[in-house]
């Protein structure tokens, strides 16, 4: 093509630099944290019990599973991917780990390893179909979400697995969930697992070569490839890690409820997506990051807890969560404009 | 043939400015229907801009457009169409809807504009009309075929058919032959001749000078946004056209450095990519800057990418310092100390949303690690600061995001990241594209400096001035092949352009 002398589309910045105070930028950076502080104050005024240590622990416990799953999603987002199958993978891991105890009387280690392994198989399948077959991530993981949901249901034969359940042959199930496993879902372990996940992934994404490569791939895949970064390998790793953390989330969930309900992990998908997207803007990071995701999960958790205390019915909670999510998206996309 | 009185189109004193550039400066253009008129100029001469003015893409120009001596107000694409001026852009896919049929695509304008209050689409009449147009042009494509199943040449024909589905007096073809094979070009020329007989005036933009002599009646040459000459094609030769396109030389901005050219270290044999690149072989020495000269679309970028392993299914081998290999992917190329600064900077070269430091270290991160895989931020910052100083990058600091830097400074970063990687073979693809004059000079100095250090450099550019100015030896690329090897100090821009445009 002949390049006529046209204006080079110069970077848009120059005009922006000298503004004394940019309210939007400020809100973008600190909006989430200000909102959290404001919510805490409001809920405290409405009900002083809100800031009781027991309630704070309650909130942290309530967000721990969402956070763990959302951290996995954050990793897939960091390579500019997306993983909608995390909720179903959590359900599957939940079903597998419980069934290993109750149906097959396995040890804790074997039960947990099997659940993680099942999730990694799904992660590998996701990675293969996205990286090799080149199906758009959002669509593929949507399909995978249904498939895995179906697998989990089929595996449990559409029933809830619990101790002393009646088996197909009419006898009671004899397997028991080990005490050690039962600890995972209780305070303080559930909170410790969450915090370790957040810190480790934050270090991984921010301070290691691998994390840097993932962000570079997420920023510009072609530039990353031409810089000699093995793009495919890191995308595969991202989807494996995403499935891995979804599985951890499912296992912790299993320990918390000690049963495998139908599609138990499903509801965590939306909360995880919301947490990760709210986290994009925290402290102006502008990209998926583990700390931000944790803050996002906190915001959702505080909101849910506070509203329950204010006697807002639980069934109206999705309206609030959805609205917060939409606001976070508005903030992100308005900035990109 | 019935005689139809020709309509005359005149563009007088057309000027247009964009922030910082005067793209057109008092340009005159004149032609009649029933003739084929070539519009020629080097990259950036203003051909496309002039044609965009004519087709109503810009509204802020000055000057007048006259049709049969009556002033035609053309300030929008709709105005242009009203006066029977249609344009077929080079990027055919942007104008077509792939999952609709050929017929629907041809009749798209009618479908959109002539529907008014009608709610039902009559497909039989659409296909009937479209088939009529296809037959009139002798295009062998079914109206009911899906556009997505067509070849590029056929898509172009569909667009031409669409252009004449409405009243069409003047048809602008912007570089239609660049992506076509010889057979497809012949077919296109047949269609052009058909249209000519039907009293349509065709404005033909092309870089392939040779083919103009087959098809055109008149030729207008532009240079630097100015009108240079109008001649009948019979009264002019390729060499004369080339001279008019180039005009006087630009100011000297190329550094002259004393350097030693060593032994031949790089031998590329029979490189092909099954698409554009066909059996390319060349050699390069240490300290030597090899030019890949050629017009836009000649296949330079494809050769660079094939060398760097950035395209799949590349045939042929590379020999560097007695080792023969293939670069299967960019990772291998980087490991063999190749570096590649791609043409599409924002799309392929840099991370606009990341900062200077992260961009600079991205291709050599292993150099900045401690305790296994942990990043050494301090070392990163030190090296990045050094590089910013060395390249004279205008940036507030190394944590500034690249989207906030100018094109020239972004390009310096794109080059700088490979200086940190310390490669042996540097491949530059149009490194001065979209770069301001000052930064250009810095980039030339930088590249010459690398050669002086004994690196081997491959410099691909369609700016022939640059090929003459900076390279030691040049290979002229035409249609994915090496057309000619030339010693830079014994050649001229004229000669380069002659071979670049298909001269034998």
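Each position is counted from 1, following the chain as shown.
Placed from the backbone N, Cα and C atoms, the Cβ positions cover glycine too.
Per TrEMBL, transmembrane segment is recorded for A:26-46, A:58-77, A:84-104, A:110-131, A:138-155, A:187-207, A:236-258, A:264-283, A:290-308, A:314-334.
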Between the transmembrane segment (A:58-77) and the transmembrane segment (A:138-155), are there three or more C-beta pairs closer than 8 Å, counting only pairs 6 or more apart along the chain?
no
Please work out which recorded stretch in A:26-46, A:84-104, A:110-131, A:264-283, A:290-308 has the most C-beta pairs separated by under 8 angstroms from the transmembrane segment (A:187-207)?
A:290-308
Decide whether the stretches the transmembrane segment (A:110-131) and the transmembrane segment (A:236-258) have at least 3 CB pairs under 8 angstroms, with pairs required to be 6 or more apart in sequence.
yes
Is it true that the transmembrane segment (A:26-46) and the transmembrane segment (A:236-258) have 3 or more Cβ pairs under 8 Å, skipping pairs fewer than 6 apart in sequence?
no
Can you work out which residues elsewhere in the same chain, 6+ from the ends of the transmembrane segment (A:314-334), have a Cβ less than 8 Å from its Cβ atoms?
24, 27-28, 31-32, 270-271, 273-274, 277-278, 280-281, 296, 299-300, 303-304, 307-308
Close approaches to the transmembrane segment (A:236-258) from elsewhere in its chain (Cβ under 8 angstroms; 6 or more beyond its ends):
64-66, 68-69, 71-73, 75-76, 78-79, 81, 83, 85-87, 89-94, 97-98, 112, 115-116, 118-120, 122-124, 126-128, 130-131, 162-163, 177, 181-186, 190, 193, 197, 201, 210, 214, 264-265, 268
